[in-house]
Amino acid sequence: MADQDPAGISPLQQMVASGTGAVVTSLFMTPLDVVKVRLQSQRPSMASELMPSSRLWSLSYTKLPSSLQSTGKCLLYCNGVLEPLYLCPNGARCATWFQDPTRFTGTMDAFVKIVRHEGTRTLWSGLPATLVMTVPATAIYFTAYDQLKAFLCGRALTSDLYAPMVAGALARLGTVTVISPLELMRTKLQAQHVSYRELGACVRTAVAQGGWRSLWLGWGPTALRDVPFSALYWFNYELVKSWLNGFRPKDQTSVGMSFVAGGISGTVAAVLTLPFDVVKTQRQVALGAMEAVRVNPLHVDSTWLLLRRIRAESGTKGLFAGFLPRIIKAAPSCAIMISTYEFGKSFFQRLNQDRLLGG
């Protein structure tokens, strides 16, 4: 087949193999992605500022409008932007306290509270949008990577050692640009659990306020996260896979080695790029907040300013919010994706060989 790459399969077959891997990976890993996004998108609790020794808190009625002060009752105040506030005329003497169930203290706490208060299906919220985005993005990305790597190595434009790094970075940069609007919508669905109708209204408002450019809100930190991630991932993957393949018989499939190599390289890349993932999530979730407070989306803080702000407000720990779910997700998702992709390529290689022999 003239249109086959050096691995013996066509670009279309590469896209089918990678798209299948994307579906399998999304079904298994979406719950961890939902938890990661929810952990990253929540603001630092005001409770820690008002009552450091307890997460149960209230505000003085003197700060409320007179119409609310006159009620003399405990009430829950929600303005749609900040966290819910429990307001009590008796202050600390009141026996009834409000504890915000949407505040998460960790990964397991997030899993338990999401299931308890929102239902198990919430763990797969945004899955349709995830599949709509992930399948074409992964098909484009993996196919572009293999084609670029073959191109770079075939024309000796770079050494075989660094070809995976360059090819991975270029492939991811193009994919991020094409898929960025869908990534924004998926993050919005997972972080605030809005309906598709509400999401559409939110997007229309953002476009009306800031133009079509607002749909690429978060492109900068997404690129800063994904391009280095891709470069690090493929560089380490090819190295680890090459090393592991030295321990297997020549007639043994390399899918198992790909699984291990993918998990290791994905973990390393995820740790090093996590701060940019936090910034990307907060910037994209801010789309709804901009609508609520009527902020012009064109005037957004730079990635570096957001990094400094997060560190000032939450410390270095804030830059690694969602660390555990991201790492827990990165290792198996990268392992599942690359091993499924390699299995698909092996399947098509055998299929093409059988066709040649049969023809």
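Placed from the backbone N, Cα and C atoms, the Cβ positions cover glycine too.
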Practice task
Read off the topology recorded in Swiss-Prot and answer whether Y145 and G256 share one side of the membrane.
Solution key: yes
Practice task
Could you tell me which of the ranges 15-35, 288-308 is annotated in Swiss-Prot as transmembrane segment?
Solution key: 15-35
Problem - Helix, strand and coil counts within the topological domain 'Mitochondrial intermembrane' (339-359) (DSSP) - result: 20 helix, 0 strand, 1 coil
Exercise for the section: Report, as numbers and ranges, which residues of the same chain sit near the transmembrane segment (161-181): CB under 8 Å and 6 or more residues beyond its ends. Expected result: 133, 136-137, 140-142, 144-145, 148-149, 151-153, 215-216, 218-219, 222-223, 226-235, 237-238
Problem - Two-stretch contact, the transmembrane segment (15-35) and the transmembrane segment (318-338), at least three Cβ pairs under 8 Å - result: yes
